[in-house]
Every structure is written in C-alpha cells, then in structure tokens.
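Record features (Swiss-Prot):
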COMPBIAS  170-181  compositional bias 'Basic and acidic residues'
COMPBIAS  188-198  compositional bias 'Low complexity'
MOD_RES   MET1  N-acetylmethionine
MOD_RES   SER17  phosphoserine
MOD_RES   LYS138  N6-acetyllysine
MOD_RES   SER222  phosphoserine
MOD_RES   SER228  phosphoserine
REGION    22-53  region 'Disordered'
REGION    154-198  region 'Disordered'
REGION    201-254  region 'Interaction with PSME3'
Amino acid sequence: MDGEDDSNLVIKKRFVSEAELDERRKRRQEEWEKVRKPEDPKECPEEAYDPRSLYERLQEQKDRKQQEYEEQFKFKNMVRGLDEDETNFLDEVSRQQELIEKQRREEELEELKEYRSNLNKVGISAENKEVEKKLAVKPIETKNKFSQAKLLAGAVKHKSSESGNSVKRLKPDPDPDDKAQEAPSCMSLGSSSLSGPPSIHCPSAAVCIGILPGLGAYSGSSDSESSSDSEGTINATGKIVSSIFRTNTFLEAP
C-alpha cells in the first residue's frame, strides 16, 4: 500500500492543477503592476511556452556565458582610449626629450666650431713655418750655385799633341805667374830607336815662356827638351811613364 501511495504522489506532482495556475497568474499580475509603465498593457503577458527539454535550455545558458567571456577578453575590446592625465604625461615626456636633444645638438655645434678654429690656427702656424724654411733654404742654394759657377769659370778643354795616344783633359787658363811652376805631364812618344834599356825623359825645369825685347834668340839645342809641356817616354812594354822630377837627368826604368 505504501508503495502505491508514493507512486501516486509522484504522478500527481507531474501535473499542475487549475488552482495553482490561477495563483501563479495572480502573483505575476501583482509584480507586473509594480513595474508596469503607462505605455505597457495592464494585463501581464503570458509566459512563453518552451517545448525544449531542461538539458537543452541549460546548454543554451552555458553557451551564452562562454560567448560573453570570450567577447570580454578579445584584443579589440582590450584596447581603450587614453584619458586626459595620461595624455598630459606623455606630452611632458616628449617635451623633455626634445629639450635634451636640442641641448645635445648645441654642444656638438660648439665643439665643431672650436675644433675648426684650432685647426685653422695650426694650419696658419704650419704655413708660416714652411715659408720660413723656404726663405732659409733659398740663400744657401743660391750660394752653392754661385760657387759652382765660379769653379767652372775659366775651365777650357785643350787637345794634346797627336804625336802619341790621343788624351783629352780640362785645364784652367794658365796664369803667367804660375806657368813657370807647372809640372808638364808626359805623353806617349813613338818607339825609341835607341838601343839599351828603356829610360824616362824628364823635360827641363826652365821653360821658355816668351822672348823679352832686346834679348837675342838662343840656339835650338834645348828645343827638343822644351818643345812641349806634355813630353814623356814609353818603356819597353808600351806603358806611359809620367815625369816625376823636373830635371834634365834620365832615370833608368826598373
């Protein structure tokens, strides 16, 4: 009996009586009167009938909440505009940066001007030193040129006699006072016809420079000795032997 009563109770709870429906409708009307606006109807609208099961309705609510959560944390929804305080702060920071950059540029310009002025001073001093060096070197060069020209002045090339090997030499213009003191150089002669060992012939120290007026001419005995300032002898091997003594003696060659 008890089991049957319980089953009947469960079955009864699955159905709603008309009295319960009227009571619910009355409570809903009272609530509607509290929130109703003048343009709203006087009677409370009936509840919409939903034929879906409870599972489907709960799943719908769950999906709706998930969509709201995702929409809240989307990137486009995370971006927001700046307020007035933030914009003022950013403006102040940018202004400070511009001042610092301007000061740095001014310091660089000052350093460049100072460097250029120092460079110009150094360049002018270096140019002055170079000019002074050139002025100091020019007199020395001119002096050397004059001394070389003076040394080369009066140098005359003479051609020796053709009695032996041709020899060319440079000889300054002789001075009449020094001509008597010059040592004549020996030149090559023909092969000696004299028999015996070769000998060295030294011309006489007394060389005739000129004839003074009022003096007679001497005999030609010494003409062979003073005919040339470059006389000499050749030994048996054909080697030129220079005169070393200004005398009339003959020295035997080794």
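Keep in mind that glycine also has a Cβ here, set from the backbone N, Cα and C atoms.
Since we're looking at a predicted model, the values are computed, not measured.
The residues of the region 'Disordered' (22-53), classed with DSSP into helix (H, G, I), strand (E, B) and coil, number 14 helix, 0 strand, 18 coil.
Within 10 Å of the C-beta of SER17 (phosphoserine) there are 9 other C-beta atoms, taking all protein chains into account.
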